[in-house]
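**Q** Quick one: structure below, then a few questions.
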Amino acid sequence: MSSLWIAIAAVSAIALVSGLILGFAARRFQVEADPIVERIDALLPQSQCGQCGYPGCRPYAEAVANGEKINRCAPGGEAVMRNIAALLAVDPQPLEGDGVQSEPQRQVALIDEANCIGCTKCIQSCPVDAIVGATRALHTVISDQCTGCGLCLPPCPTSCIQLVPVPTTTATWKWNLQTIPVHILEVERHV
């Protein structure tokens, strides 16, 4: 029984010394992050879609801090580009594309449920948890949460997911309520 206690004490001592060495090394060799990268990253929509050409919002924020174009974030659109321009004190640029400033047409993922095998690979790859389902069960996309990033397309083994444009209807139209005059009508109440 005493050899058991000796082994426990030896392993505990090794763990304690290793922890102290790692703690010292972490403080000694700590790399300070660039605060401008943190601020740019906070402005980005965090959809991790990769439409800017970078694997996520953080790498794109680092690239913008190093001089990359500020107009590549499609999900953020013009509002994010203008906020980044104000932060960096540079002129706003037209959104990436045909040189014309336009809002990209919103797309959402659509799953062909007849071909879905329920592998959950699309659920694991969705950065905003817009796909719901269970193993070996049908999956579906919550279109209000889907950013249209397309990260769910490559892992699908049956290619049953496609991006479809969202038609502009009264339900999907971006209403600017500040331009609509609102008048409050008095209503008589009968008791």
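Quick reminder: no glycine exception, Cβ is built from N, Cα and C everywhere.
Residues or ranges marked as [4Fe-4S] cluster 1 binding site by Swiss-Prot on the basis of sequence analysis: Cys49, Cys52, Cys57, Cys73. Feature annotation from Swiss-Prot assigns [4Fe-4S] cluster 2 binding site to Cys116, Cys119, Cys122, Cys156; the stated evidence is sequence analysis. Under the heading [4Fe-4S] cluster 3 binding site, Swiss-Prot lists Cys126, Cys146, Cys149, Cys152. According to Swiss-Prot, the domain '4Fe-4S' annotation covers 32-90. Annotation source Swiss-Prot lists domain '4Fe-4S ferredoxin-type 1' at 107-136. Positions annotated as domain '4Fe-4S ferredoxin-type 2' by Swiss-Prot, on the basis of sequence analysis: 137-166. Swiss-Prot lists 1-26 with the feature region 'Hydrophobic', giving sequence analysis as the kind of evidence.
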**Q** What else in the chain is close to the domain '4Fe-4S ferredoxin-type 1' (107-136), if you only count residues 6 or more beyond its ends and a Cβ gap under 8 Å?
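**A** Distal contacts: 47-49, 142-143, 145-166.
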**Q** So of all those binding-site residues, Cys116, Cys119, Cys122, Cys146, Cys156, which one's Cα sits nearest to Cys73 ([4Fe-4S] cluster 1 binding site)?
**A** Cys146
**Q** For the binding-site residues Cys116, Cys119, Cys126, Cys156, work out the Cβ neighbour count at 10 Å and name the residue with the minimum.
**A** Cys119
**Q** Sequence gap of 6 or more, Cβ distance under 8 Å: name the residues on the same chain that satisfy this around Cys52 ([4Fe-4S] cluster 1 binding site), in order along the sequence.
**A** Tyr60, Arg72, Cys73, Ala74
**Q** Filter the binding-site residues Cys49, Cys146, Cys152 down to the ones within 10 angstroms of Cys122 ([4Fe-4S] cluster 2 binding site), Cα to Cα, kept in sequence order.
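**A** Cα filter at 10 Å returns Cys152.
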**Q** Could you tell me the mean pLDDT over the domain '4Fe-4S ferredoxin-type 2' (137-166), as a whole number?
**A** 90
**Q** Residues near the [4Fe-4S] cluster 2 site, Cys116, Cys119, Cys122, Cys156 excluded, by Cβ within 8 Å of the Cβ center?
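**A** Neighbours within 8 Å of the Cβ centroid, excluding Cys116, Cys119, Cys122, Cys156: Ile111, Ile117, Gly118, Thr120, Lys121, Ile123, His139, Cys152, Pro155, Pro157, Thr158, Cys160, Ile161.
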**Q** Got a sec? Which of these binding-site residues, Cys49, Cys57, Cys73, Cys122, Cys149, has the most Cβ atoms within 10 Å?
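**A** Counting Cβ neighbours within 10 Å, the top one is Cys73.
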**Q** Of the binding-site residues Cys49, Cys57, Cys116, Cys119, Cys156, which sits closest to Cys146 ([4Fe-4S] cluster 3 binding site) by Cα distance?
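**A** Answer for the nearest of the binding-site residues: Cys49.
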**Q** Which residues of the same chain, at least 6 positions away in sequence, have a Cβ lying under 8 Å from the Cβ of Cys152 ([4Fe-4S] cluster 3 binding site)?
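**A** The answer is Ala109, Cys122, Ser125, Cys126, Ile131, Ile161.
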**Q** Work out how many Å separate Cys49 ([4Fe-4S] cluster 1 binding site) and Cys149 ([4Fe-4S] cluster 3 binding site) at their Cα atoms, rounded off.
**A** 5
**Q** Determine which residues of this chain, when Cys49, Cys52, Cys57, Cys73 are set aside, have a Cβ within 8 Å of the centroid of the [4Fe-4S] cluster 1 site's Cβ atoms, and list them as they appear in the sequence.
**A** Leu44, Pro45, Ser47, Gln48, Gly50, Gln51, Tyr54, Gly56, Tyr60, Arg72, Ala74, Pro75, Gly76
**Q** Please report how many Å separate the Cα atom of Cys57 ([4Fe-4S] cluster 1 binding site) from that of Cys156 ([4Fe-4S] cluster 2 binding site), as a whole number.
**A** 23
